[in-house]
Amino acid sequence: MPKNVFSVPIFFILFRESLEASIIVAVLLSLVEQIVLNASLGHPSLSSQAHREGSDPSLGRARTRESKAEGPDESGTDTPPQDHAEGAQPLPHDKRRLIRKMRLQVLTGAAAGLVIALAIGAAFIAVWFTKVVDLFSSAEELWEGIFSLIASILIFVMGLTMLRMDRAREKWRVKLSDAFEGKMGNASGKNGKWILFILPFITVLREGLEAVVFVGGVSLGQSATSIPLAAIIGLICGLLVGYLIYASSSRTSLSIFLIASTSFLLLIGAGLFSKSVGAFERYKFNTKVGGDVAEAGNGPGSYDVVGNIWHLNCCNPESKTDALGWSIFSAIFGWSNNGSLGTVLSYIFYWISAIVTLVVMKHQEGRSKIFKRFTRKHAV
């Protein structure tokens, strides 16, 4: 059965986390090149520029317009050193060697973080399905609801946070610029060298651990055989898409993928939140009626009629005979053939919370307007 071979939620979770990690590493690689290039052309310290800009998007846009006229493009299009303005002097050999060395340090840190994250994830899944799951069998609905609730909250927070990745570019620019200045100086060369390794290492390791937590939250109630294939394909697709975005050198492509992937992941999060409420309701109903309710099948007596909105005798994603594509709809959109007042309202509440949070985030960044005026002045 396809459901026991490929888990759709786990695929999208691994795809999202690997995509985020690959984009971060790609941005770090491009910033390394820009920092060395600007230093070789005698530009001011990028670290001080980033601090002056802070969180003010208008200053960033102004510097983008200036950079188009005066020097290298820092608007998100990563141009190799040899492709810059006509008549510019090629980089000296030592600068090119420094770029390669710094890139190698970034890639080494990212690879080390990925290996450790994969090892922790494999160990977690092995222990989870061999030792822990059996402990929850007596109250599976309760634990499924708890872990689904935790996973939906984590997806909500991390999904919305990733939308600010474009604005986190300046934070990474400051760190890499400080690292580069440390390498060029005499006092903090060692610190600069290790920052180039530690920053991508911690970033990739964090994304991997987030993925492990998400997988643990959605894997309860699913077959262990559905995890490996979905995890591998999700990881490969995320790395591939991240590389394509980096190769396209397009900030627009990055923004589109951030918005699309966040929206898709929020669909999964809303479904998990609704499922958690449904699991709590089933646990409460089964506790009142008794364990024999599972033998009632999918018909009358198998669900609580109090607060029930709809119940279909077909389209059951949990069915072992006619799940067909309904299991995919359940994984992505949270579909269930049994809808209660609690599951429907929780699904709506999840999306209302996402909308309100996005409006607040936009207001805090000074990008919302009322009567053609910004609601908050940009920080100067």
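Every residue gets a Cβ built from N, Cα and C, even glycine.
TrEMBL has this to say about the protein:
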- 45-92: region 'Disordered' (REGION)
- 6-32: transmembrane segment (TRANSMEM)
- 106-130: transmembrane segment (TRANSMEM)
- 142-163: transmembrane segment (TRANSMEM)
- 194-215: transmembrane segment (TRANSMEM)
- 227-247: transmembrane segment (TRANSMEM)
- 254-273: transmembrane segment (TRANSMEM)
- 344-361: transmembrane segment (TRANSMEM)
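Contact between the transmembrane segment (142-163) and the transmembrane segment (344-361) is supported by 3 or more Cβ pairs under 8 Å, counting only residues 6 or more apart in sequence. Highlighted: of the candidate stretches 6-32, 194-215, 227-247, 344-361, 194-215 has the greatest count of Cβ pairs under 8 Å to the transmembrane segment (106-130).
For the transmembrane segment (6-32), same-chain residues at least 6 beyond its ends with a Cβ under 8 Å from one of its own Cβ atoms are 78, 99, 102-103, 106-107, 110, 114, 155, 159, 162, 165, 169, 172-173, 176, 180, 196, 199-200, 203-204, 207-208, 210-211, 214-215, 218-219, 222, 226-227, 229-231, 233-235, 237-239, 241-243, 245-246, 254, 257, 261, 264-265, 268, 272, 327-328, 331-332.
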